[in-house]
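Written out below as structure tokens is the structure these notes cover.
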Amino acid sequence: MDSQVAVALALSLVGGVSTSIGALFVIVNQAPNLKMLGLLQGFAAGLMLSISFFDLAHNALNSLGFLKGNLWFFAGVIFFGVVASFIPEPTLAPTSDVKGRKKNGDDGGKDTLKKHRRQVLFSGIVTAVGISLHNFPEGMAVFLGSMKGLRVGINLALAIALHNIPEGVAVALPVYFATQSKWQAFKLASLSGFAEPLGVIIVAYLFPSSLSPEILEGLLGSVGGVMAFLTLHEMLPLAFDYAGQKQSVKAVFLGMAFMSASLYFLSISLPEDLSL
């Protein structure tokens with residue numbers, strides 16, 4: 001058993017490291033301007049919405065039925081809606097105001113830019129948390145797949161690794177923009193990826209073998225609700241503010257299409273009796 005856990009842990013680390021590779025793509029380039037940041041935030045929002053609705057909530061509805069799946073999903077929405085009401089957020093002026101104030105030599109432009117950076121940083125943290133919660137069951141799937149055989153585990157680990165690279169970009173980009181620190185961007189993206197080996201450790205050692213699959217699916221459905229709320233409440237308004245609604249919506253659907261394709265190729269790499 002211990003050797004199997006070690007193999008599963010090593011395979012899940014491949015997925016975790018691929019998130020760091022995505023972060024490297026960000027930090028080797030200069031921090032983007034506000035419009036590009038808005039477009040990429042829209043793309044990241046699409047990734048998150050696709051994971052939420054087409055992966056986590058979809059699986060909960062299939063496993064638990066329409067009513068129970070929705071109850072778990074909206075429990076997550078309500079929970080984080082209440083939490084968000086206690087989180088203070090900076091009120092931002094439009095980006096055009098920032099440019100105008102800079103031209104007029106007004107120090108208020110610097111203050112507004114600082115507020116923009118604070119909101120962008122918060123968005124990056126939200127993305128990191130959401131992707132970490134999504135990566136956690138992927139670690140569980142790697143463990144269960146490797147129990148079936150090394151070939152299954154390797155195929156699954158490679159599929160997840162390719163799937164995680166854009167997630168690393170989605171986390172590192174706003175953090176890099178907000179902090180101007182390559183190390184902070186790389187660190188947070190890497191930490192979100194290492195939720196996968198944590199999933200292996202927990203499912204192997206901490207969860208009892210009699211853990212109710214219904215409760216696990218319900219909790220993952222709630223995670224989907226949390227991610228949907230945070231995406232619509234935090235990331236999408238940021239994209240609209242920086243890149244405009246029309247361009248941001250296009251970026252959102254591009255992100256959704258990309259992640260949906262990624263989830264499809266990930267699903268066909270799994271054996272029939274194992275799913276994420």
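Here the Cβ of each residue, glycine as well, is placed from N, Cα and C on the backbone.
All TrEMBL annotations are machine predictions without curation.
Per TrEMBL, the features are as follows:
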TRANSMEM  6-27  transmembrane segment
TRANSMEM  39-57  transmembrane segment
TRANSMEM  69-87  transmembrane segment
TRANSMEM  120-136  transmembrane segment
TRANSMEM  156-176  transmembrane segment
TRANSMEM  188-207  transmembrane segment
TRANSMEM  219-240  transmembrane segment
TRANSMEM  252-270  transmembrane segment
Quick one: find which recorded stretch in 6-27, 120-136, 219-240 has the most Cβ pairs under 8 Å with the transmembrane segment (69-87).
219-240
So, does the transmembrane segment (6-27) come close enough to the transmembrane segment (219-240) to give 3+ Cβ pairs below 8 Å, pairs being at least 6 apart in sequence?
no
